[in-house]
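Asker: Heads up, here are the entries from Swiss-Prot:
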- 8-282: domain 'tr-type G' (DOMAIN)
- 17-24, 81-85, 135-138: GTP binding site (BINDING)
Amino acid sequence: MPRQFDLEHTRNIGIMAHIDAGKTTTTERILFYTGRVHKIGETHEGSATMDWMEQEQERGITITSAATTAQWKGNRINIIDTPGHVDFTVEVERSLRVLDGSVTVFCAKGGVEPQSETVWRQADKYGVPRMAYVNKMDIMGADFYNVIAMMKDRLQCNAVPIQLPIGSEDCFVGMVDLVTMTSHIFKDDLGQVIEDQPIPDDMIEISNKYREQLLEAVAEQDEELMMKYLEGEEFTLEEIKAGIRKATIAVKMIPVTCGSSYKNKGVQQMLDAVIDFMPSPTDIPAIKGISVDGDTEIERPADDNGPFAALAFKIMTDPYVGKLCFFRVYSGTLNSGSYVLNSTKNKRERIGRILQMHANHREEIQVVHSGDIAAAVGLKDTTTGDTLCEENNPVILESMEFPEPVIEVAIEPKTKAGQEKMGVALQKLAEEDPTFRVHTDAETGQTIIGGMGELHLDIIVDRMLREFKVEANVGNPQVSYKETIRKAVKSEMKYARQSGGKGQYGHCVIELEPREPGAGYEFVNKITGGAIPKEYIAPIDAGIQEAMNTGVLAGYNVVDIKVTLIDGSYHEVDSSEMAFKIAGSMAFKDGCRKANPVLLEPIMKVDVSVPEEYMGDVMGGLNARRGRIEGMEARGGAQNIRAVVPLSEMFGYATALRSSTQGRGTFSMQTSHFEEVPKSIQEKVISSRTTGV
């Protein structure tokens with residue numbers, strides 16, 4: 001089947017912003033104007049097409065990235081609407097990885113808000129070309145020029161307006177187009193009747209000033225245009241458009257448009273700018289990958305005739321078709337029913353059906369081409385970040401890295417019958433979301449779930465109830481401590497039982513000594529002359545390892561110990577494997593008590609990014625949490641602080657950081673190593689563990 005839109009007329013864009021800047025409302029208007037929806041949905045009414053999960057409609061926020069496709073003036077635009085809440089940054093991260101460009105929505109009143117900075121840094125990481133749309137020009141306190149200043153200051157970017165608003169708040173009636181130097185005035189509520197007029201007299205001076213800035217920004221990217229500019233020659237309309245496009249794709253300039261999505265003003269002009277200035281799949285560099293053996297770098301340019309290569313960027317469980325895998329095609333074509341290679345896992349997969357997604361509606365298609373974003377049904381082993389490619393031309397595309405969970409809680413089903421259902425539900429949810437982890441605590445036997453924040457885990461528990469009908473109790477966050485010893489000791493233990501008939505007899509002498517942190521457990525057998533028969537050596541080792549699961553201080557796992565078996569004795573009749581296993585366990589416990597046992601706690605590597613004015617408060621806060629500052633650096637208009645802090649002190653840090661930086665600070669953390677717990681805190685941990693208080 002021939003492609004409907006060639007690559008030059010295809011755009012893959014994301015819509016990103018701070019929570020409540022109006023992303024989803026903007027996407028709804030795009031769908032309305034491009035003819036995908038015949039009635040506009042509103043987020044505050046819970047009827048937005050893109051917010052299709054029940055929790056999204058209730059909370060009025062976007063949680064998952066909904067993908068949809070639209071058509072505008074003979075072009076196809078694939079749009080991904082991403083969440084603005086910090087707990088769901090993984091959705092933004094994986095969307096950016098497969099997009100060619102993005103529209104960042106700013107609130108005309110709030111300007112550059114904290115999540116805007118986070119999202120901007122993520123887009124910088126992937127080198128994504130961007131344009132900005134200043135939304136909510138109709139609300140009280142709207143200030144377009146302040147937003148431009150904040151973008152330059154906080155995001156360190158070259159923000160260049162290509163439109164200026166005519167009026168603001170209640171008087172926002174249209175905009176000046178700085179490319180054509182005309183004005184667009186909106187004459188109806190739906191924003192479909194637009195009159196082109198000369199620039200109003202009171203705006204001629206400011207329009208000329210910003211037009212000059214635009215021409216200068218365009219000239220800087222092109223030597224020929226710079227010569228023309230310096231000689232005072234006029235640019236043609238085509239030269240200006242080509243110059244803006246070139247600078248935008250090179251991420252040297254951020255074109256800025258304005259409007260009010262809720263009042264239906266400015267969205268069509270923003271769509272025109274997407275077509276004019278955002279890259280097509282052929283404008284971006286060829287995607288790089290490596291050969292399966294990892295030796296050779298391979299490039300895959302956007303070309304329908306090239307070998308098929310795609311990246312799976314999202315897994316979703318759909319109530320009707322089961323597991324859906326969203327993927328972006330970088331080169332080649334793919335037919336439904338065909339086989340592909342998952343080169344990341346070296347598994348052959350069959351593409352059952354291919355679906356073009358429109359928020360939560362779907363349309364079955366037979367073939368996808370390079371540059372397309374679609375969803376496949378029938379992939380069994382594919383997860384987020386996997387490469388799908390032609391079996392004869394394998395390639396592994398650069399995958400995505402996801403942050404480690406920063407919060408963990410214990411969870412249990414409310415009923416015994418829910419145990420199995422909960423296991424299935426958690427497995428499916430973990431497949432969908434790479435930042436959500438599940439494991440069983442060996443000490444307590446509890447199921448522990450980890451995620452990016454409390455809202456993240458709230459939504460997971462909520463989805464378990466709605467989608468899988470599992471009710472669960474959720475505990476408070478816990479730290480998993482470890483135990484070890486600080487000095488070498490010798491321990492001897494004899495286990496003897498006589499109760500008529502065959503008795504039990506096991507006797508061993510062991511030496512315990514501490515090992516380097518992270519070195520683990522080592523068992524050495526130094527028995528000579530048959531003091532203990534060979535068949536009883538392994539049971540002694542097994543008994544010791546079993547005893548290591550519950551330490552002598554507070555019942556935590558024991559780590560980093562070397563045990564040497566040096567002597568012992570046995571009884572011809574009464575000795576057994578069980579007797580020696582018990583003797584080994586008892587000797588180990590006895591030795592630990594004498595070997596100066598200590599508690600170890602997990603230490604986290606913490607990265608905090610804050611505006612400079614909050615540095616003192618934040619560093620003081622980290623010190624108060626027993627943190628050690630390891631370094632600082634300026635990064636993208638913010639200060640980045642690196643520290644190591646005990647995990648037990650990090651609970652509640654997200655809230656503390658938010659309040660001490662007015663919501664502008666962000667942090668991430670991952671486990672670094674284990675360290676000895678200070679004596680005063682060790683006593684508290686032991687008493688709370690033994691008394692349960």
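Placed from the backbone N, Cα and C atoms, the Cβ positions cover glycine too.
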Asker: Any idea what DSSP makes of Ala17 (GTP binding site), helix, strand or coil?
Answerer: strand
Asker: What mean pLDDT does the predicted model reach across the domain 'tr-type G' (8-282)?
Answerer: 82
Asker: List every residue in the same chain as Met137 (GTP binding site), at least 6 positions away in sequence, whose Cβ is under 8 Å from its Cβ.
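Answerer: For Met137 (GTP binding site), the qualifying residues are Ala108, Phe144, Pro165, Ser168, Phe172, Cys258, Gly259, Ser260, Lys265, Gly266.
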